[in-house]
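Chemist: What follows is a structure written as structure tokens; I'll ask about it next.
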Amino acid sequence: MPGHSRSRDRLSPSSELDDADPVYSPSVYQREHYYNNDSLFDSADDDYTRTPRNVYSYETHDEYHDDDDDDDDVHEHDHDHEYDDKFEEPWVPLRAQVEGDQWREGFETAIPKEEDVTQAKEYQYQMSGALGDDGPPPLPSDALGRGKGKKRLDRETRRQRRKERLAAFFKHKNGSASAGLVSGDALAKLLGSQDGDEDCLSHLGTERADSMSQKNLEGGRQRKLPVLSEEPMMLRPFPAVAPTGQTQGRVVSGAQLEEGGPGMEMRHRGGGGPPAEGLLQKEGDWDGSTKGSSTSARPSFWKRYHKTFIFFAILIVLAAIAIPVGIIEARRLHGTSGGDNSSNSNLKGISRDSIPAYARGTYLDPFTWYDTTDFNVTFTNATVGGLSIMGLNSTWNDSAQANENVPPLNEKFPYGSQPIRGVNLGGWLSIEPFIVPSLFDTYTSSEGIIDEWTLSEKLGDSAASVIEKHYATFITEQDFADIRDAGLDHVRIQFSYWAIKTYDGDPYVPKIAWRYLLRAIEYCRKYGLRVNLDPHGIPGSQNGWNHSGRQGTIGWLNGTDGELNRQRSLEMHDQLSQFFAQDRYKNVVTIYGLVNEPLMLSLPVEKVLNWTTEATNLVQKNGIKAWVTVHDGFLNLDKWDKMLKTRPSNMMLDTHQYTVFNTGEIVLNHTRRVELICESWYSMIQQINITSTGWGPTICGEWSQADTDCAQYVNNVGRGTRWEGTFSLTDSTQYCPTASEGTCSCTQANAVPGVYSEGYKTFLQTYAEAQMSAFESAMGWFYWTWATESAAQWSYRTAWKNGYMPKKAYSPSFKCGDTIPSFGNLPEYY
């Protein structure tokens, strides 16, 4: 850089001045005399030959370097131009840690005062015998003829005497040579270029030396900075290799070695920074060699320990994964439990030793249960019909009454004269994607997670813990209390065959749902609610829909394993009926379902009817006194007038009615939809309910307030909607009242209830109450469903809590025959 260069072009360093008789100009002679007389940092080797200046001109005191041959060290020293550039700190190339004003404030105290610089210059010229601007007098002619050996001997003798006396004198006078701004050593070097020891001492004087020493002491420990002109000196960049005979430790001053200067990497406690190799390495110039230094380069803290940090970071991550998994697995396999949690607090009085070894880690081990609330955790392996009673209390009470309009459980319910007002617990023990989309949202469409079968496969070993957590949290005791408070009196509980047993190849979580089914029945008992058991998924799948457990092929009464699955489903009912024929259930389980929604549009109708008759006879033979329900199979209700006319007693037909899955009904506007229910559905249900003109006792086991099919996954995972015309891959027709205007949208239909307009809430409640009125003309109804994660128009709980369902189900504000209220300016596109 310009501020650190020298004028090497004026006289080549390779000129052999010793072999010639050069003619010196006064200025050259003066500079040569100056350089030749300072040997403070000379090598001990008199045969040392200088390398080119650009190799080692990085030291702060480089103008004091000397050769064996003073003629080789002739350099032009132009005081007017050598330091034209703005002053730069000598350690700028090394500065990495100290920045800005903080560093600069510390450095400014190290700059010599102008009076000290002037005094140093005066001594230089006085000792050379030139007091003025013209430089020294011409060299005597006989001086040019001196021999090389004699001149060298004289010079070395003078240097040695001067160094010894001056160093001792100034160190004593200054008190601390290493602490002064212009210390004794530095002045010895500066004055070493002058001829005559006595002249130097006489001109210096004791008073001035004391004054300078005092200033140095007041300034504190400062770095030694030579100043040869009005402006401070800049340094060249450090070379990669130090000159032979020099120690690389000269890069830093004594103060830096003791305290560590700016840009130097500090050790943990005390001491200075690393040797020069570390500093040069920091600038990217070090070749890895430590020659010339007695101290090995010390790498940075991160470089020394980064592998250790990485190793421990990996261990921490692995531990964060392994520990929770290990705890869960230990609970499952070895009977450990989070017994301190409130949901497992009843385990505190139970000894783990009370669980037999063969039962530990199984569904019979309460220490592996996610939730033990309201379960009897005393171990038992007793069964009824081959089904465990583990978790049940030995006593019960059937005196509870849901509301004043229905009898308590220990009195018979007047079916036929008193309508059922109930709700389903869909998506709970039989998982449905549209009810609990959170279990499916984390997967991409390419993974094909579309039902409980594929979900269980995907979850693998974690399926039991994930699904049991859903069982324990999606429906709780509070829900049964709310169902009662909403004026409802029946609960239809969905479950599937894997709650009882699984078969080879099944990925389902076996038997855990059974425990939650039994507890749910006990909660119903507590709040006076009667139960309708609903097998939602039977072996092989009865309809191939996702809520049967496995979407796709129907394998029940159909296909290669059709007969096998027929037999399995009968075995299931054999066990179930034996269990629920117990006295403890005769007052609470009052409706017993055979199978949910067998798709009789695809299955052989006669096979379904024969199985229905056989299954009904079986369960009644086993002691079931409850009503047995058979689903209409999606056949027109008028076809049932002639089916199962000679059937077992105490049977009930179950029909499910929705307007959103019928393209002829989903397009109706709000008012017309209410009219459809009160005119068409009302009479249809009323007629089928009469044995003489229809089939006989009929209930509507499923219906909802949904007026669109916009809810996420309601048409299967990844399937579009009829409302927006995305349901079919071949037909883009939009099925909504405003399809001709192109305004069909699911945005408003899927909005949260908090933004519903009063007109929309009025419609939704009127729409619900019209259906209640129609179905109560028969045996009654069960709303689909009680709770959903996000599908607001499918959740009775959401509607009830947000003011678009009657406060009490038995006290609606609208009945068929009443004038349909105005819905205000409610748009028809939602």
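From the backbone N, Cα and C atoms, a Cβ is placed for every residue, glycine too.
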Chemist: Swiss-Prot annotation N-linked glycosylation site: which of Asn37, Asn397 has it?
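Modeler: Of the listed residues, Swiss-Prot records N-linked glycosylation site for Asn397.
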Chemist: For which of Asn174, Asn381 does Swiss-Prot record the feature N-linked glycosylation site?
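Modeler: Annotated as N-linked glycosylation site in Swiss-Prot: Asn381.
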Chemist: Which residues of the same chain, at least 6 positions away in sequence, have a Cβ lying under 8 Å from the Cβ of Glu702 (active site, nucleophile)?
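Modeler: Looking at Cβ-Cβ distances below 8 Å from Glu702 (active site, nucleophile), excluding near sequence neighbours, one finds Asn424, His656, Gln657, Tyr658, Phe782, Tyr783, Trp784.
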Chemist: Could you find out if DSSP has Glu702 (active site, nucleophile) as helix, strand or coil?
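Modeler: Looking at the DSSP assignment, Glu702 (active site, nucleophile) belongs to a strand.
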Chemist: Can you check how the pLDDT averages out over the topological domain 'Extracellular' (329-830)?
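Modeler: Summarising the topological domain 'Extracellular' (329-830) by its mean pLDDT gives 96.
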